[in-house]
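Notes to accompany the following structure.
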Amino acid sequence: MIDLLIIAGPTAVGKTDISIKLAEKLNGEIISADSMQIYKYMDIGSAKITKDEMKGIPHHLIDVVEPHEEFNVSSFKALAEESIKDIWNRGKLPIIAGGTGLYINSLIYNYDFTDADRDEKYREYLTKLAEDKGKEYVHSLLKDIDEESYEKLYPNDLKRVVRALEVYKITGKSISEYTKENEKKLYDIPYNVNYFILNMNREVLYERINKRVDIMMGKGLIEEVKKLESMGYTPDMQSMKGIGYKEVLFYLNGDISLDEAIYLIKKGSRNYAKRQLTWFRKDKRSIWIDKDKYNSEEEIVDKIIKMVKDK
């Protein structure tokens, strides 16, 4: 059975540094579980790790697709499983590091995407239907077959509306029902999982998030978004809806001021961290590491290593 170490937690909690230190001590390689860092050219807004910051540790699933390309949890699972096997077969430890809980769950709950993978013709039909009759009409199709998705999704979120309709067409189940069934496969995985969640005092975390946004602005987030626009990437693309990118686009479009954009990025990032923590708390397999209780990252790393070896 493959040993799999997972380091997760909210944005800006310090997953990168901890995972690199662990990789150095455990002869590991890192697989990113971040839904924004998979996109090429989107470096500043995603807080993407630099080559220098990697400290020679190989990183996987970073800069995987172009910003206009489709990438979802099914794509992540397939690529992550390949990387895990490759790393393990070379005698190294695969370490998953990131904050996208759905990506992590797809591995440790062994989500099965074979039944409801793709129906390109149906997707094309729905997309054309949205053009002809409007997004509201396509959204209304959910009402009788998947009321939960109908209530939760907005008509403008066409990608997810189409996905929910697609899953129902292929499986006859709502997307939430399908996901819950997958989650029942809790232990049906080929991994010996050691799953750690990093956390810290909420006020300190929010301060770190605010500071990170200021650093992003100083590094040239506005210029990065301008460059992406010049390359033909548009606000309707999933990648450009990410926190930081959508707000800067609003600013560049004249809808809000720069100060408002910065405020919204900070607020959106803090709310995202809150949602991440809520998600991670639902998982009973994870061990929580309160960073405030340790004097240094080295202490945290040593504690994690000890718990892994004592398991």
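Using N, Cα and C of the backbone, Cβ positions are placed for all residues, glycine too.
According to Swiss-Prot, the feature region 'Interaction with substrate tRNA' maps to residues 34-37, out of the candidate ranges 34-37, 58-61, 174-177, 254-257. Taking the Cβ of Thr16 (ATP binding site) as centre and 10 Å as the limit, one finds 21 other Cβ atoms among all the protein chains shown. Excluding Gly9, Pro10, Thr11, Ala12, Val13, Gly14, Lys15, Thr16 themselves, the residues of that chain whose CB lies within 8 A of the CB mean position for the ATP site are, in sequence, Gly99, Leu198. The predicted model assigns the region 'Interaction with substrate tRNA' (34-37) a mean pLDDT of 98. Proximity of Lys15 (ATP binding site) to non-local residues of its own chain (separation of 6 or more, Cβ distance below 8 Å) is seen for Ile7, Ala8, Gly9, Ala97, Gly98, Gly99, Leu198, given in sequence order. Listed in sequence order, the residues Gly9, Pro10, Gly99, Leu198, Arg208 complete the 8 Å Cβ shell around the substrate site centroid, once Thr11, Ala12, Val13, Gly14, Lys15, Thr16 themselves are left out.
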